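Summarising the annotation, TrEMBL assigns transmembrane segment to 23-45, 76-95, 126-151, 183-208. Annotation source TrEMBL lists domain 'Connexin N-terminal' at 42-75. Per TrEMBL, the feature domain 'Connexin cysteine-rich' maps to 139-206. Residues annotated as region 'Disordered' in TrEMBL: 222-243. Among the features that TrEMBL reports, compositional bias 'Basic and acidic residues' is placed at 234-243.
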Amino acid sequence: MNWGGLQSLLSGVNKYSTVFGRVWLSMVFVFRVMVFVVAAQRVWIDDSKDFVCNTAQPGCVNVCYDHIFPISHIRLWALQLIFVTCPSLMVVAHVKLREGKDSKYTAMHEGSHLYANPGKKRGGLWWTYLASLIFKAGFDAGFLYILYYVYEGYDMPRLSKCSLEPCPNTVDCYISRPTEKKIFTIFMVVSSAACILMCICEMVYLIYKRIQKLIRKKETTSSTAQRSRSKSTRSKESVRKDPTNTASIQNLCNVKMEEALSEKKKIIGLSVLEPIWTYLFKRQNTQSSMYVCVNI
């Protein structure tokens, strides 16, 4: 398998990863891939040839080897590395999708961008990144459990007993270089546990930053609301009535009321004097008529 191509493909994830993600990727390729390619494969390469049982029964050695090693450590670790590194490609694919949408949007809207930074962990990309961390930690934990369940622990016994058919009786079987294989097994288990710990730390870091961001957003909204309230109260205080103005308004009202009363009094006086004026007018008219008659 071309592990160098996988490394070059996953190296682009560093642009979108946090500090914990960069440490996780370096741990995977330095402590797991390099050890797997350089040392572990050579240790298990002659495993089936050097597996010896104290019997000459045909087929007994093969059956006992299949029973003691249901799956080779090398193939199990290769599957583990493939499954663990593939979730990081989810983030790369999501970023590429964002970049494609952004390029189409800029072409349609004359230079304006849909995303200010397509690789920034916001919205759906944040959830994709968190899901990739969960998948990575889950795959590592699952393979560690499979290794423990299949081999009944992480130990590599020097002697194994087998009584399966076609073995004539219980035979003793011996594996080659059990101590060296045990050391590599423990090393790979510890490195897997360290990668799980880094994934958990990165998940906690992402969730903490998200909660901190939400708290800051809430604080800014509350502060802006308080500022708007204070401005409204200040404007109300500035529009408060001055007592001198109220007094002057009352004085104007009093003056207007006095003028209205005086006009009413004039009207009432005219109404009272009206019959007197009519009487005098009629009397004057009668006198003038009598004077005319005497002259005639």
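Just so you know, glycine gets a Cβ as well, placed from its N, Cα and C.
Because the structure is a prediction, the values reported are computed rather than measured.
Residues 36, 147, 150, 160, 162, 164-168, 171-177, 180-181, 184-185 of the same chain lie 6+ residues outside the domain 'Connexin N-terminal' (42-75) yet bring a C-beta within less than 8 angstroms of a C-beta in it. Per-residue pLDDT, averaged across the domain 'Connexin cysteine-rich' (139-206), gives 89. For the domain 'Connexin N-terminal' (42-75), the number of residues in each DSSP class (helix H, G, I; strand E, B; coil) is 14 helix, 2 strand, 18 coil. Assigned with DSSP, the residues of the domain 'Connexin cysteine-rich' (139-206) fall into helix, strand and coil as follows: 42 helix, 8 strand, 18 coil.
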